[in-house]
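These notes concern the structure reproduced below.
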Amino acid sequence: MDRLHIIGGSPLSGRIPVSGAKNSALKLMVACLLTDQPIEFTNMPNLADTRFLAQLLETLGVEVYWPRGSSTCHLNAAELKSTIAPYEQVRKMRASFNVLGPLVARSGHATVSLPGGCAIGARPVDLHLQALEAMGADLRVEQGYVKAAAIHGLKGAHINFSTVSVGATEHTMLAATLAKGETILENAAREPEIEDLAHCLNQMGAQITGAGTPIIRIKGVEALKGTTYSVMPDRIEAGTFAMAAAAAGGDVTLDGAPVAALGAMIAKLREAGVTVDADEAASTIRIRRNGTPLKAVSLSTQPHPGFPTDLQAQFMALMTLASGTSIIRETIFENRFMHAPELARLGADITVRGQEAVVKGVAQLTAAPVMATDLRASVSLVIAGLAAQGETVVNRIYHLDRGFERLEEKLGACGARIERRSGEEE
């Protein structure tokens with residue numbers, strides 16, 4: 001099992017290219033099921049999760065051409081040989097569940113296992129299923145599988161989500177592209193990745209308006225066509241590297257960064273005393289901190305355009321070194337402070353009270369062996385390790401590989417002393 005060895009204390013200096021967005025790529029790949037024509041995706045991130053999904057698509061009959069190391073992925077779902085997504089594959093990653101709607105929209109039926117993925121609270125798929133039912137799908141849940149049928153096709157519906165859900169918004173939008181009539185989504189999520197998906201689907205011939213606002217309208221069409229589409233840059237990866245540079249100190253420029261999508265994070269870094277130069281026209285973000293003490297900043301995670309839950313763990317790692325006390329409130333997912341006890345092993349002073357964490361800044365973190373528990377938690381330990389004194393070992397980094405492309409290479413190119421090793425946990 002791989003692990004990362006990090007010798008902290010080295011400031012970072014250089015440029016880091018931002019990869020394609022995992023959270024966008026996973027939904028874009030599923031869109032191939034809606035057409036019998038080939039699709040080419042560029043700027044596709046090479047991640048464990050995107051590779052898992054490619055394997056599932058192959059099981060369904062999609063032709064996948066995606067050479068190792070390439071950022072261009074070709075998908076052709078001309079002939080689907082199966083509409084069953086088995087537990088063995090769906091359990092590896094929650095986003096696999098999103099094949100359900102497109103399969104029903106195109107084939108009239110599907111059987112898909114309930115999802116797996118990061119162990120972050122309950123994260124139910126009720127909203128997904130309620131939306132499909134509203135569009136006329138007949139659903140049964142049996143032995144861990146959702147069996148769905150819409151023999152005469154899906155029908156447009158007026159759907160008002162009881163809570164804001166990125167996954168349910170995207171899933172319903174995918175299915176509605178081929179439904180008869182108009183589907184209106186109210187209380188829709190507004191994340192940039194939803195806009196990215198809508199842009200791609202519209203390029204394929206869909207009729208979607210309002211993506212990025214709380215009300216999305218989808219006029220169903222008879223068929224979608226193939227296209228070539230570039231995956232948007234990953235705002236979570238960009239934010240992660242920004243916080244790594246702020247924690248370790250130094251001068252790092254992020255190239256190809258989605259500046260407009262990171263307003264909340266940029267504001268919090270500036271509030272914490274970090275110098276941030278963001279250039280939307282050039283798609284660059286420059287992070288500088290040379291000896292300036294960090295200030296404690298409190299925040300609550302919120303749906304976009306608020307502070308993203310997927311950057312909460314990274315920001316907590318940064319706040320462990322700030323002067324003062326910060327309160328971090330998690331409002332999106334339950335049980336998303338699993339990184340707190342591992343950060344405490346490095347000397348952080350964190351008290352978790354339900355959905356709230358109180359972080360009292362310390363003068364110095366000290367290296368220790370730690371264990372990754374989920375994707376974002378794992379990278380928070382890397383950030384802390386870059387700032388800690390001594391050698392930190394991060395075990396179980398398979399979580400990290402699910403969402404970060406060549407992390408150690410990108411950090412290493414900026415002067416981080418970080419190395420991947422194989423073998424037993426330390």
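A Cβ is built for glycine as well, from the same backbone N, Cα and C atoms used for every other residue.
As recorded in Swiss-Prot, the features of this protein are as follows:
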{"type": "ACT_SITE", "residues": "Cys118", "note": "active site, proton donor"}
{"type": "BINDING", "residues": "Lys22, Asn23", "note": "phosphoenolpyruvate binding site"}
{"type": "BINDING", "residues": "Arg94, Arg123, Pro124, Val125, Asp126, Leu127, Asp310, Ile332", "note": "UDP-N-acetyl-alpha-D-glucosamine binding site"}
{"type": "MOD_RES", "residues": "Cys118", "note": "2-(S-cysteinyl)pyruvic acid O-phosphothioketal"}
Entry from the binding-site residues list Val125, Leu127, Ile332 having the most other CB atoms no farther than 10 A: Ile332
Asp126 (UDP-N-acetyl-alpha-D-glucosamine binding site) to Asn23 (phosphoenolpyruvate binding site) - Cα separation in whole Å: 20
Asp126, Asp310 as binding-site residues, winner by CB count within 10 A: Asp310
Inter-residue C-alpha distance, Asn23 (phosphoenolpyruvate binding site) and Leu127 (UDP-N-acetyl-alpha-D-glucosamine binding site) (nearest angstrom): 19
Secondary structure of Asn23 (phosphoenolpyruvate binding site) (DSSP, helix/strand/coil): helix
Per DSSP, three-state class assigned to Val125 (UDP-N-acetyl-alpha-D-glucosamine binding site): coil
Lowest local Cβ density among Lys22, Arg94, which the record lists as binding-site residues, within 10 Å: Arg94
